[in-house]
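Let me begin by presenting the structure, written as structure tokens, before commenting on it.
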Amino acid sequence: MRSPLSDKSGSPEQSTRLEVEIETRDLSVYYGSHLAVKQVSLKIPKNHITAFIGPSGCGKSTILRCFNRMNDLIPGARVEGSVIFHGKNIYDPDVDPSEVRRRVGLVFQKPNPFPKSIYDNIAFGPRINGYQGDLDELVERALRQAVLWDEVKDKLRMSALSLSGGQQQRLCIARTLAIQPEVILMDEPCASLDPISTLRIEELLKELGRRYTIIIVTHNMQQAARVSDFTAFFNTELDERGIRYGRMVEFDRTEKIFNSPANRETEEYVSGRFG
């Protein structure tokens with residue numbers, strides 16, 4: 001398994017001294033007795049966009065959910081190994097999962113606005129986190145960052161459910177930005193959107209990637225190539241009982257993954273020969 005930011009990679013990336021935001025060390029995830037993903041070790045660079053690609057069932061979303069402990073909410077799920085965020089293993093017993101989720105936000109595949117006004121969707125997180133500043137200012141800033149302000153500034157009290165699918169997804173991104181995270185996780189954020197809405201989300205991602213660490217799971221390899229700086233390729237493998245589990249095959253700069261990958265599996269996947 002290859003990672004350009006690992007200590008032993010010998011990669012040109014090492015000389016650039018990219019700051020690491022999140023590091024996994026031998027991270028494995030189980031659902032009951034079933035091994036879902038095995039021993040993933042990688043370093044996610046700060047203020048860059050990293051894409052996770054691979055066939056269905058390879059563990060992309062499972063690993064993504066480890067980064068803000070959303071797997072804790074799945075009955076029977078357990079994690080082995082560690083996820084290091086700012087020098088601390090977020091799975092240590094003294095770590096508050098709610099604080100992890102504030103600092104590491106998640107945008108889901110399907111837009112899921114609350115059945116509240118546009119304004120209250122954005123203000124909800126800051127309110128429950130005890131935000132003491134100007135809420136109006138915070139709401140406007142989050143909507144501007146999500147490139148939605150000009151479209152909704154005159155209807156903030158309208159239901160968020162009245163927005164189009166693409167607008168709802170940008171609202172969900174704005175809602176995440178309002179809690180002032182350091183990392184934004186996105187699990188197939190364009191899967192249910194039309195091509196025009198997808199393009200707007202991709203343009204937004206490129207803009208946000210200058211200020212936030214973003215990790216995106218996508219089945220769309222063209223999208224990964226367009227928006228990401230780094231790409232991790234995951235695949236499945238059969239254990240001795242014939243049961244599939246996921247693993248990371250290769251992690252490198254996106255240009256390298258798509259143009260000259262080090263692993264044959266990666267080359268076959270990105271060229272469309274399997275998957």
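Cβ atoms are placed via backbone N, Cα and C, with glycine included.
Annotation source Swiss-Prot lists ATP binding site at Gly54, Pro55, Ser56, Gly57, Cys58, Gly59, Lys60, Ser61, citing sequence analysis. Look at Swiss-Prot and you will find 22-261 tagged as domain 'ABC transporter'.
Positions of Swiss-Prot features highlighted on the structure.
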| residue | record | Cβ contacts under 8 Å, 6 or more apart |
| --- | --- | --- |
| Ser56 | ATP binding site | His219 |
| Gly57 | ATP binding site | Thr236, Arg244, Gly246 |
| Cys58 | ATP binding site | Phe234, Asn235, Thr236, Gly246, Arg247 |
| Gly59 | ATP binding site | Val29, Ala36, Val37, Val40, Phe234, Thr236, Tyr245, Gly246, Arg247 |
| Lys60 | ATP binding site | Phe52, Ile53, Gly54, Val217, Phe234, Gly246 |
| Ser61 | ATP binding site | Asp187, Glu188, Val217 |
Cβ neighbours of Pro55 (ATP binding site) where a neighbour is any other Cβ within 10 Å: 15
Cβ-Cβ neighbours of Gly54 (ATP binding site) (radius 10 Å): 26
Secondary structure of Ser56 (ATP binding site) (DSSP, helix/strand/coil): coil
Gly54, Pro55, Ser56, Gly57, Cys58, Gly59, Lys60, Ser61 excluded, remaining Cβ within 8 Å of their centroid (ATP): Thr62, Phe234, Asn235, Thr236, Gly246
